[in-house]
Amino acid sequence: MAPRLLQLFFSLCLLFLLRGPSASAKLTLDYYKTSCPRVHEIISDIVTTKQINSPTTAAGTLRLFFHDCFVSGCDASVLISTNHFNVAERDADINLSLPGDAFDVIIRSKTALELQCPGVVSCADILAIATRDLVSMLGGPFYPVRLGRKDSLASSAASVEPNLARPNASIDKIISLFASKGFTVREFVALSGAHTVGFSHCQEYSDRIFNFNKGGHLAFDPTMNPKFADALQKACANYLKDPTIATFNDIMTPGKFDNLYYQNLLKGLGLLATDQKMAADPRTAPFVRLYAANETAFFEDFSHAMQKLSHYGVKTGRKGEVRRRCDVFNNLSA
């Protein structure tokens, strides 16, 4: 090897050693093996009881997990409450519809864990485990969750909007957003399958079913099944007076995690504009068709994408903390 190549080789090795392993590489499956060995059992008991009593908890928690990870990494920053010093992520406009049951199941899990092993399990890890357990409860895949995340030391509402896509965003914008975080088009389509459960408020898709082309001859988005559009118009007739009116994302099996979401898109039964656009765009349509025909392929890709997402932007070591309460920084002035 030439001297110059040797010098370059040793320089790269030194740089790697100085930088050390990535934060995600520090996560392990048995992180709490000695410090809190019953962590999975405790969280499982809490989320099972909560889901039985409030069946929308699973979908809400899955959405909460996405909104947490995509903004500043999987660090429980979305759980922080606004205080006199700071307007937190959860009070950003796009997060105001995050369901209370999702926050509640994390708080209940944290309370139970603090009684068993105080100051040990982070809220970020609780959210990751609870999300996986709830997806599995609805019939979805059970995937491994590596642990060791620390909770964030910051949470700002201003950081939310640039990192989350609106329901009427273009496919170009969403693909670009996912790519900026290291996700492929295939992973984007797989993660969108989370919409197979849960519901959306009428205001999130009203522009598809009322006055679609602003005074033109189209009453609704022509990519929609006409009977579906008519039913939504009736369901959402009073949404301006009552913004809480919502409909299921998957009208066929709204409480089951399956691949019917993709089958619905191929029939013009997609609720959100961004979802329906995936069935038509040549970059995303092949994966929509794949998952519609093969639930096993969807589950495998969703599992891999969720594991990758759960490692995104994690904080370890001194870059975070283990909060005593999930909604408050340990240092209140943070």
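A Cβ is built for glycine as well, from the same backbone N, Cα and C atoms used for every other residue.
Contacts of HIS67 (active site, proton acceptor) defined by a Cβ separation under 8 A and a same-chain sequence distance of 6+ are given as VAL78, GLU89, ILE94, ASN95, LEU98, VAL160, LEU164, in order along the sequence. The active site, proton acceptor annotation in TrEMBL covers HIS67.
On its own chain, HIS195 (heme b binding site) has ASN249, ASP250, TYR261, LEU271, LEU272, ASP275 as residues at least 6 apart in sequence with a Cβ closer than 8 Å to its own Cβ. According to TrEMBL, the heme b binding site annotation covers HIS195.
Counting only same-chain residues six or more apart in sequence, the Cβ atoms lying under 8 angstroms from the Cβ of CYS117 (disulfide bond) belong to TYR32, SER35, CYS36, VAL39. The disulfide bond annotation in TrEMBL covers CYS36-CYS117 (among others).
Residues or ranges marked as disulfide bond in TrEMBL: CYS69-CYS74 (among others).
Sequence annotations record features per position, and here TrEMBL assigns disulfide bond to CYS123-CYS326 (among others).
Within 10 Å of the C-beta of CYS202 (disulfide bond) we count 22 further C-beta atoms, all protein chains included. Look at TrEMBL and you will find CYS202-CYS236 (among others) tagged as disulfide bond.
Here TrEMBL flags 1-25 as signal peptide.
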Inset, instruction - Determine, using Cα-Cα distances only, which of these disulfide-bonded residues is closest to CYS202 (disulfide bond): CYS69, CYS74, CYS326. - result: CYS69
Inset, instruction - Check each residue in the chain of CYS236 (disulfide bond) that is at least six apart in sequence and keep those whose C-beta is under 8 Å from its C-beta; list them in sequence order. - result: CYS202, SER206, ILE209, PHE210, ILE245, THR247
Inset, instruction - For the disulfide-bonded residues CYS36, CYS69, CYS74, CYS123, CYS326, work out the Cβ neighbour count at 10 Å and name the residue with the minimum. - result: CYS36
Inset, instruction - Provide, as an integer number of angstrom, the distance between the C-alpha atoms of CYS123 (disulfide bond) and CYS74 (disulfide bond). - result: 10
Inset, instruction - Calculate the distance in Å between the alpha carbons (Cα) of CYS326 (disulfide bond) and CYS74 (disulfide bond), and round it to a whole number. - result: 13
